[in-house]
């Protein structure tokens with residue numbers, strides 16, 4: 001099973017990294033448009049998102065525009081405290097000082113720890129039930145297991161990562177929503193808010 005999951009993950013990442021810049025730009029615009037409608041419906045005040053890594057959809061411009069529309073809104077990026085611990089979400093603004101984490105991904109150097117109402121989670125491979133394959137470290141699953149209340153989770157990815165099954169494991173947490181360049185889709189396994 002681990003071999004199948006690793007193969008799905010690696011294939012999806014390779015296909016994503018092979019996208020042309022023009023295709024990626026067009027797909028990111030479509031994802032942002034679908035996300036805008038969904039976020040307007042969910043109306044969070046604190047939005048967790050991820051810095052794009054290895055060709056993931058880049059929603060930084062979306063988050064900056066979302067923050068600018070209402071001074072009460074806040075955004076946060078995940079910070080890995082320790083490898084086997086849940087992540088924390090540190091406040092982020094466009095002017096935040098950023099430093100690389102242990103994987104080289106930018107994170108806020110400091111900032112208040114926040115609890116997102118809605119969490120945007122990157123998808124490598126994913127299925128219609130809402131299960132995803134990240135990079136295999138279990139960071140999001142560990143974090144979601146311990147977050148109370150659990151935020152609404154929105155998986156963000158490209159259609160090329162959609163598979164028939166990710167072969168979910170007992171510890172895997174399905175997303176509530178999947179947003180790709182084809183629109184926002186409720187995950188089959190979850191109840192919608």
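If you go along the chain as it appears here, the first residue is 1 and each next one adds 1.
In case you wondered, yes, glycine gets a Cβ from its N, Cα and C as well.
Annotated in TrEMBL:
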BINDING   5, 6, 7, 8, 9  ATP binding site
BINDING   56  substrate binding site
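Fewest Cβ neighbours within 10 Å among the binding-site residues 5, 6, 9: that distinction goes to 6. Distance between Cα atoms for residue 9 (ATP binding site) and residue 56 (substrate binding site): 13 Å, as a whole number. The residues near the ATP site, meaning same-chain residues not in 5, 6, 7, 8, 9 whose C-beta sits within 8 angstroms of the mean position of the site's C-beta atoms, are 2, 3, 4, 10, 11, 125, 133, in sequence order.
Just so you know, the Cβ of the residue listed as 'substrate binding site' picks up 21 other Cβ atoms within 10 Å once every protein chain is counted.
Listed in sequence order, 124, 125, 133, 163, 166, 167 are the same-chain residues six or more apart from residue 8 (ATP binding site) with CB atoms under 8 A from its CB. Cα spacing between residue 6 (ATP binding site) and residue 56 (substrate binding site): 18 Å, rounded to the nearest whole number.
There are 11 other Cβ atoms within 10 Å of the Cβ belonging to residue 7 (ATP binding site).
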